[in-house]
Amino acid sequence: MFSLNGSSFTNNSLSGVSRCVTQSSRRGASGPMVVVAAVNSNGKPGDRNVSVLVENSMKESAAAPVEKEIKSTVTGGVGDVYGEDSATEDQSITPWTLSVASGYSLLRNPHYNKGLAFSEKERDSHYLRGLLPPVVVNHDLQVKKMMNNLRQYEVPLQRYIAMMDIQEMNERLYYKLLMDNVEELLPIVYTPTVGEACQKYGSIFRRPQGLFISLKEKGKINEVLKNWPERKIQVIVVTDGERILGLGDLGCQGMGIPVGKLSLYTALGGIRPSACLPITIDVGTNNEDLLNDEFYIGLRQRRARGQEYAELFDEFMYAVKQNYGEKVLIQFEDFANHNAFDLLAKYGTSHLVFNDDIQGTASVVLAGLMASLQLVGGTLAEHTFLFLGAGEAGTGIAELIALEMSKQTGIPLEETRKKIWMLDSKGLIVNSRMESLQHFKRPWAHEHEPVKELVNAVKSIKPTVLIGSSGAGRTFTKEVVQAMATFNEKPIIFALSNPTSQSECTAEEAYTWSEGRAIFASGSPFAPVEYNGKVYASGQANNAYIFPGFGLGLIISGAIRVHDDMLLAASEALAEQVSQENFEKGLIYPPFTNIRKISANIAAKVAAKAYELGLATRLPEPVNLVAYAESCMYSPAYRSYR
């Protein structure tokens with residue numbers, strides 16, 4: 001009888017043989033095993049004469065080390081002190097984990113449950129007779145049925161909750177569902193629906209999907225991390241919930257963001273689910289509505305600041321490396337500006353860290369701009385950029401554009417920055433405001449008279465590219481778009497703020513007000529627009545194009561740090577995936593239906609850059625990085641349980 005590698009729970013009434021032990025016996029390992037008879041609650045042998053094979057703790061591995069099967073010739077390099085070089089493939093159970101093989105609990109384990117897809121033989125082998133209806137269906141039919149059910153819901157949040165239920169019931173079905181219907185379901189599990197889910201997370205919370213680390217756990221974070229059942233963690237997405245999308249401080253309820261991001265790491269980037277860990281750092285919230293909400297699930301106190309916050313985060317970052325090693329990727333998500341830049345700068349030299357709001361957004365927008373040049377002509381350095389919004393997203397995009405222009409032209413970075421202008425809540429960022437500016441805004445202060453209104457800044461600077469990252473909806477007014485269209489044959493307009501209600505303008509507004517001449521992209525999805533008999537399909541500058549493949553590239557190369565050149569490589573790889581057919585439809589991003597292939601190509605470019613920069617630890621470098629990336633990707637296909 002073959003068992004399942006259960007890592008989420010144990011049950012003394014169940015039976016089976018651990019996968020890792022079974023594999024060891026097939027390879028000729030002779031280490032000792034302990035056979036434990038199943039017992040009932042009174043300590044006597046159970047009614048069913050079955051047994052559980054359990055690894056004899058660490059003794060087995062010490063007495064008879066098992067040669068590990070590898071799919072690639074990539075070995076060696078820097079010593080694998082933390083045992084991280086297994087990347088995205090499935091892991092054997094850890095020595096302290098029992099294996100669950102049969103019965104009712106198997107149907108309650110989302111990692112191994114197949115529902116009606118269990119075969120007749122599996123139903124006999126794993127004591128499932130009578131627990132399931134007699135019909136046996138395949139994976140594809142399950143997906144078809146679930147999509148039919150999801151489409152019955154008219155409210156997006158209801159679909160989100162239904163997807164949560166599927167994930168908690170049958171993990172592989174969830175990911176196959178998402179991968180096979182990515183364009184339809186991406187707006188449900190990610191933006192814009194995830195924003196509403198976070199706002200109502202206290203009401204829809206069912207079971208833990210990640211770790212909640214609050215001020216109560218200060219001094220005990222290392223032990224808290226050990227409570228998570230998986231040990232081979234490759235990617236952590238962490239938030240403190242202070243700036244969730246354009247919705248503000250949602251405190252502990254920001255957990256929906258790390259959960260959603262990591263679902264996409266698996267579905268779009270092929271990182272195995274067990275290697276992903278969502279974390280929310282709860283230091284309180286300044287949202288009075290939440291503090292007064294009886295269903296709020298976080299600390300009921302105002303946000304901690306200063307030394308208390310810094311000490312908690314220092315402890316967290318140290319504990320992560322201590323538990324999961326040097327090469328675990330830590331993605332910062334939805335931190336407020338005053339923390340986002342400081343955390344990235346503070347830990348960027350000691351940890352493998354990445355801020356998707358700053359760096360991921362920048363990379364995906366730069367890719368869209370590179371692709372746009374195929375439609376408008378010229379080079380990046382020949383264009384003038386105006387940003388509405390000078391926060392972490394806006395300044396991150398601007399810096400990466402300036403870096404790319406400097407790389408292409410050889411002009412110093414300080415000079416290429418002068419092609420980029422920014423307007424914040426107080427008006428155009430100019431030299432006369434220098435003393436009052438936050439440090440991350442100062443590089444963008446240029447010589448110009450003060451300008452308060454966006455439309456006046458457009459008319460004065462005459463940008464060829466207008467980018468919105470303000471979080472303020474409907475700020476690209478008719479007057480602003482028409483002004484852009486008066487001195488640009490094809491004005492490039494990116495309305496990036498999420499969710500949809502916060503978008504600076506809609507696709508329909510951009511195309512209508514520019515008389516169909518705009519090259520438009522947005523952060524949230526918009527339906528195709530018909531104008532003067534022509535259909536315009538707008539692009540979505542969605543970070544999901546970048547971060548899953550970017551993370552995969554870091555993992556397969558064993559990168560130990562993130563470098564700006566890796567972000568440029570990711571942008572170039574994405575821009576290269578836009579086909580002539582896409583351009584003819586007005587698209588500057590490729591369709592999401594090809595996202596796994598896109599992610600593999602991005603991963604290959606990022607990994608190649610890591611090797612080039614000497615930041616990769618998996619040596620030697622694979623000959624074909626694209627093929628290697630694809631071979632490492634997780635598949636949601638069912639396994640046969642014999």
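Including glycine, each Cβ sits where the backbone N, Cα and C put it.
Note that the structure is a prediction, hence the values are computed from the model and not measured.
Under the heading domain 'Malic enzyme N-terminal', TrEMBL lists 167-348.
The feature active site, proton donor is assigned by TrEMBL to Tyr190.
On its own chain, Arg243 ((S)-malate binding site) has Asp249, Asp334, Phe335, Ala336, Asn337, Ala340 as residues at least 6 apart in sequence with a Cβ closer than 8 Å to its own Cβ. What TrEMBL lists as (S)-malate binding site is Arg243, Asn498, Asn542.
The active site, proton acceptor annotation in TrEMBL covers Lys261. In the shown protein chains, 27 other C-beta atoms lie within 10 A of the C-beta of Lys261 (active site, proton acceptor).
Annotation source TrEMBL lists divalent metal cation binding site at Glu333, Asp334, Asp357. Within the same chain, residues at least 6 positions away in sequence whose Cβ sits under 8 Å from that of Asp357 (divalent metal cation binding site) are Phe332, Glu333, Asp334, Phe335, Ala340, Glu392, Ala393, Gly396.
TrEMBL lists 358-611 with the feature domain 'Malic enzyme NAD-binding'.
Rounded to a whole number, the distance between the Cα atoms of Tyr190 (active site, proton donor) and Lys261 (active site, proton acceptor) is 7 Å. For the pair Asn498 ((S)-malate binding site) and Tyr190 (active site, proton donor), the C-alpha distance works out to 11 angstrom. Within 8 Å of the Cβ centroid of the divalent metal cation site, not counting the listed residues Glu333, Asp334, Asp357, the chain contributes Thr239, Arg243, Ile244, Ile257, Phe332, Phe335, Ala340, Asn355, Asp356. Residue density at Tyr190 (active site, proton donor): 26 other Cβ atoms are found within 10 A of its Cβ, drawing on all protein chains shown. Each residue contributes its Cα atom, and for Tyr190 (active site, proton donor) and Asn542 ((S)-malate binding site) those atoms are 10 Å apart.
The most densely surrounded of the binding-site residues Asn498, Asn542, judged by C-beta neighbours within 10 angstroms, is Asn542.
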